[in-house]
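Below you'll find the structure, written out as structure tokens, and then a few comments.
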Amino acid sequence: MTKFIFVTGGVVSSLGKGIAAASIAAILESRGLNVTMLKLDPYINVDPGTMSPFQHGEVFVTDDGAETDLDLGHYERFIDSTMTRRNSFSTGQVYENVIAKERRGDYLGGTVQVIPHITDEIKRRIHEGAAGYDVAIVEIGGTVGDIESLPFLEAIRQMRSQLGRNNTLFAHLSYVPYIAAAGEIKTKPTQHTVKEMLSIGLQPDILICRMDRKMPADERRKIALFCNVEERAIVGSYDVDSIYECPEMLHDQGIDNIITEQLQLNVQQADLTAWKKIVHAVKNPKHTVKIAMVGKYVDLTESYKSLIEALKHAGIHTETDVQITFVDSESIEKNKGDVSVLKDMDAILVPGGFGSRGVEGKIAAVRYARENNVPYLGICLGMQIALIEYARDVAGLKGANSTEFDLKCAAPVVALIDEWQTADGSVETRDESADLGGTMRLGAQEVELKAGSLAVKIYGSGHIRERHRHRYEVNNNYVSALEQAGLVIGGVSAGRERLVETIELPNHPWFFACQFHPEFTSNPRKGHPLFTAFVKAALNNKKA
């Protein structure tokens, strides 16, 4: 029978529930358990796919093509399980399914209500996502006390009642602030958030206290007394230099022993050797490189969370401190293409994105990298930008652009394809009037690499599988002209469309761009060959 750990948060949002939950999962996995994780989001959007990065941060894409919360990225980076669409759902999805059932007549004319119909749907989805695993860690988004979270909290209350204390555990993350003016740690916010939980029938079994320092014994005893939680189950989650220190930090306070005792799990002791090696590599780099990330969401770096982590992973595997400088592509555009900010950089990366804002600034960055032999990595839009720049400045295609930015451009080298074959062989279609939600090329796709290409050298294989999230493609009508001008198409989709997947420049020290998102499959234990190769290229450029 699957055991459930429910992780909730109180006082304020953005405390790091996802990291805490993933760290617990990593510890339990090291004890030999088969662990999965679920994220329940209270917003009414069906998924975050159409939400602004400024509102939501990164949209993480699963292997089967679900657009999900960035916390699923943390889950995959911390444990070996691969997330799917079953590992994430929102209020919007729950209501959508319940309403569809009502329209079909599944409820036999009954009145459809939050309890039991919505809560039953939530429980069904939790059980569905957890099926086949020893332990399922379920993170409830939002903050306890919010109206939006109430159906989810009621659902997990019912699960405790139905499954019992030995099959369910509540871990609540709370903020314990230090008031500098008074020189005191304040426990009152934690007392109040636990009071809020108790009012809806939830008693925390573990309290994880988010702090900027280690918790003194007096405060631990005080919280235990007033919150009716065992003193040993008051666990500090304090600021650390790297999130990959968190599993060891929580393990050192015995959190996994509390969990295994309550859930009656007879398992081996934790072995965090791999995590200790990762932390040692993070803290003891032998080299340093400066990489410019040129994008338009630089004011909210959470928009590039997986990308930032993938570069850090490459740093771990090359013993390198990867220092990222975020460059606003709009500022380059406004300064008439001035790229002087890039002159001290060892490499340049243009990430994915949507819309025309800042595009010309990104094109200027690509031009600088190409003309000055600076290692360049383009991802998704970053590949399309590189291709547009090459088409204009090398191939001589006047008016080259993407129809995303200029529907009537003279040379649409990037355009919206209206039909393509999915991984399962089915055919999907779309046009300019199609809904934005769920109409992209999403999830893992097969890619065939060209023999002798840089792509094959990087991956060590002629066939790879990478995740995608995009709506526009390289226009195959222009591929021949671009190849004649010296551009190498290093990879194409395995389907009948033969869509361009990677491009490279043969006479450049290291210039590579891909249509897919390799950052979604990088983790600190293994890294990813593309990012490792990119950081090595940056190191070589620095030495040169």
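The backbone N, Cα and C atoms fix where each Cβ goes, glycine too.
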Quiz prompt | Swiss-Prot ATP site partner of SER14, LEU15, GLY16, LYS17, GLY18, ILE19, selected from ASP63, ASP64, ASP69, ASP71 | solution = ASP71
Practice problem: Among LYS39, LYS123, LYS222, find me the residue Swiss-Prot lists at the same CTP site as SER13, ASP146, ILE147, GLU148, LYS186, THR187, LYS188, PRO189, THR190, GLN191. | Solution: LYS222
Self-check item: Same-site residue for L-glutamine (record: Swiss-Prot; known: GLY353, LEU381, GLY382, MET383, GLN384, GLU404; options: ARG465, ARG467, ARG471, ARG496)
Solution: ARG471
Quiz item: Between SER13 (CTP binding site) and LEU381 (L-glutamine binding site), what C-alpha distance do you get in Å?
Solution: 31
Quiz item: What Cα-Cα separation, expressed in whole Å, is found between LEU381 (L-glutamine binding site) and GLN191 (UTP binding site)?
Solution: 47
Quiz item: Among SER13, LYS186, THR187, LYS188, PRO189, THR190, GLN191, LYS222, which the record lists as binding UTP, how far apart in Å are the two most distant Cα atoms?
Solution: 24
Exercise. Based on Cα distances to GLU404 (L-glutamine binding site), point out the closest of the binding-site residues THR187, THR190, LYS222.
Key: THR190
Quiz item: How far apart, in Å, are the two Cα atoms that lie farthest from each other among GLY353, LEU381, GLY382, MET383, GLN384, GLU404, ARG471, the residues recorded as binding L-glutamine?
Solution: 14
Self-check item: Spatially closest candidate among ILE147, GLY382, MET383, GLN384, the listed binding-site residues, to GLN191 (UTP binding site) (Cα to Cα)
Solution: ILE147
